[in-house]
Amino acid sequence: MASHASSRIAKVLVANRGEIAVRVIRAARDARLPSVAVYAEPDAEAPHVRLADEAFALGGHTSAESYLDFGKILDAAAKSGANAIHPGYGFLAENADFAQAVIDAGLIWIGPSPQSIRDLGDKVTARHIAARAQAPLVPGTPDPVKNADEVVAFAKEHGVPIAIKAAFGGGGKGMKVARTLEEISELYESAVREATVAFGRGECFVERYLDKPRHVEAQVIADQHGNIVVAGTRDCSLQRRFQKLVEEAPAPFLTDAQRKEIHESAKRICKEAHYYGAGTVEYLVGQDGLISFLEVNTRLQVEHPVTEETTGIDLVLQQFKIANGEKLELIKDPIPCGHAIEFRINGEDAGRNFLPSPGPVSKFHPPTGPGVRLDSGVETGSVIGGQFDSMLAKLIVHGATRQEALARARRALDEFEVEGLATVIPFHRAVVSDPALIGDNNSFSVHTRWIETEWNNTIEPFIDNQPLDEEDTRPQQTVIVEVDGRRLEVSLPADLALANPAGCNPAGVIRKKPKPRKRGGHTGAATSGDAVTAPMQGTVVKVAVAEGQTVMTGDLVVVLEAMKMENPVTAHKDGIITGLAVEAGTAITQGTVLAEIK
């Protein structure tokens, strides 16, 4: 169970970072609950750390060294006196072993039961549950595949395209679509690598892929007493690399029969899985109207605000109540009021095919006004590294109708100013005026691969030539110190605070406004003359060539990873590989020469 009969949530530790940590901390404050933040070293100055009532350092620079470390998080809970843990989304939110460890430590787990997470998190088991619940399904492998040969065999039997998908995770990570038999081997290996990095397990299964489908989902809320409601639908069809960029609620252009099938099958699936908590049942809707079950996300979704804005339901507060063992106050599915659209503000360069773009945020000026909400994990002065997800914030707009929401979105996006690094705001500004998204009274034409296959990308690559800031000359400096892992802030005279030549004292680090990084005027093309260069900052996860190897134009040279996304770098001409300068695990910066082709 998520809670013990004799206990209620008294103090919440949020085992996450960024905007979702801020969201949960604010909900805790609304519920008059003290909150505890945890943070990796790169996040020591993050907003969620300051907003919480207490903050504890996890140490480490990567997810594995911090937010994925069971022991460090449970230790922080013990030190802080927190009796409940909210996992947010991503990281450990869908890790059944962590949920069980929290419960075994005598703490309240704000989420579904470990068994439900295990059953629905395993996408193969989830398909079996969906089948028992008589949910609509496309053909797929009954169990995870052992190798690429099994994937090829499935494709030969059922045809392409096929989807190779991580069995233990979601969010588009560890998912690849093969449209030819020849590319299956490479895509299978890439899916396994991504799944291993993101979820700690690399098993994958395969299913038929519906071409040009819509992505529609149902927001479920279920208590521990068997009561289940669907708080509405969402459309999340605007994606790149199978990761969502724009979401809206309620899902537009569904027939009454389709909406009924989604609501009812979502409830049947959750009942079959003995599910409680907030969760999302996802579907694909084909061009012909065919509905197919996709997966269940056993957590709060990134896009939950659009449901909140159209129902008036605070989904995080609902999670708190369910974990306390309370019954749902809702007795039937709410009727949505108005229309809401969410835009993920990612640190990616839309002008360069959405390449990850780590860097400093020298200016962050979000919009305000009627119908505008912002969920953010950054601010002016934040530094966005390549270790974590690329999302900086979420802009949510609400209107009485879909047309009004789109109009407010255009205004809000025009007001949104972010400087210092590339973001997807230029894409959002373009797409809200695109006829494919606007549609007519009956339909629109966007689908899950619309961005890659149909959108006319005329966005210029990001170039930032801002000068560096002058040195900070404030008379006071705030020093961050850690005492037994607990974060404290002390204000000291600047000359005393800067007495240490390294800019910090042995106990902590000085809070300074990060200087905007001056970027060159090049567009980050992966090639120049003979050189094959890195189009972005990241880590080499695969080297596909050897010194002296002959390659053809388009052949894979290396695979880079940044912000949890893999990006292939290919040969720009025919020739022989010389001067191969990297290996798997090498950290590189944008423009690094990886090899030459002579």
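Here, residue 1 is simply the first one shown, and the rest follow in order.
Note: Cβ is positioned from N, Cα and C throughout, glycine not excepted.
If you look up Swiss-Prot, you'll see 8-452 marked as domain 'Biotin carboxylation', on the strength of sequence analysis.
Restricting the average to the domain 'ATP-grasp' (127-324) gives a pLDDT of 94. Taken from Swiss-Prot, the feature domain 'ATP-grasp' applies to 127-324.
According to Swiss-Prot, the feature ATP binding site maps to 155-216. DSSP assigns Ala195 (ATP binding site) to a helix in the three-state reduction.
Look at Swiss-Prot and you will find Glu282, Glu295 tagged as Mn(2+) 1 binding site. For Glu295 (Mn(2+) 1 binding site), the number of other Cβ atoms no farther than 10 Å from its own Cβ, over all displayed protein chains, is 19. In three-state terms derived from DSSP, Glu295 (Mn(2+) 1 binding site) belongs to an extended strand segment.
Sequence annotations record features per position, and here Swiss-Prot assigns Mg(2+) 1 binding site to Glu282, Glu295 based on sequence analysis. Within its own chain, Glu282 (Mn(2+) 1 binding site) has His215, Val216, Glu217, Phe293, Leu294, Glu295, Val296, Asn297 as residues 6 or more apart in sequence whose C-beta sits under 8 angstroms from its own.
The Mn(2+) 2 binding site annotation in Swiss-Prot covers Glu295, Asn297 and rests on sequence analysis. Counted within 10 Å of its Cβ, the other Cβ atoms near Asn297 (Mn(2+) 2 binding site) come to 23, all protein chains included.
Under the heading Mg(2+) 2 binding site, Swiss-Prot lists Glu295, Asn297.
Among the features that Swiss-Prot reports, compositional bias 'Basic residues' is placed at 510-521.
For 522-598, the entry in Swiss-Prot reads domain 'Biotinyl-binding', with the evidence type sequence analysis.
What Swiss-Prot lists as N6-biotinyllysine is Lys564.
Taking all protein chains in view, 20 other C-beta atoms sit within 10 angstroms of the C-beta of Glu203 (ATP binding site). Around the Cβ of Asp211 (ATP binding site), the same chain contributes Pro161, Gln287, Arg449, each under 8 angstroms and 6 or more positions distant in sequence. In sequence order, Ala166, Ala167, Phe168, Gly169, Lys173, Gly174, Arg201, Gly202, Glu203, Cys204 constitute the residues six or more apart from Ala195 (ATP binding site) in its chain with CB-CB distances below 8 Å. Within 10 Å of the C-beta of Ala163 (ATP binding site) there are 22 other C-beta atoms, taking all protein chains into account.
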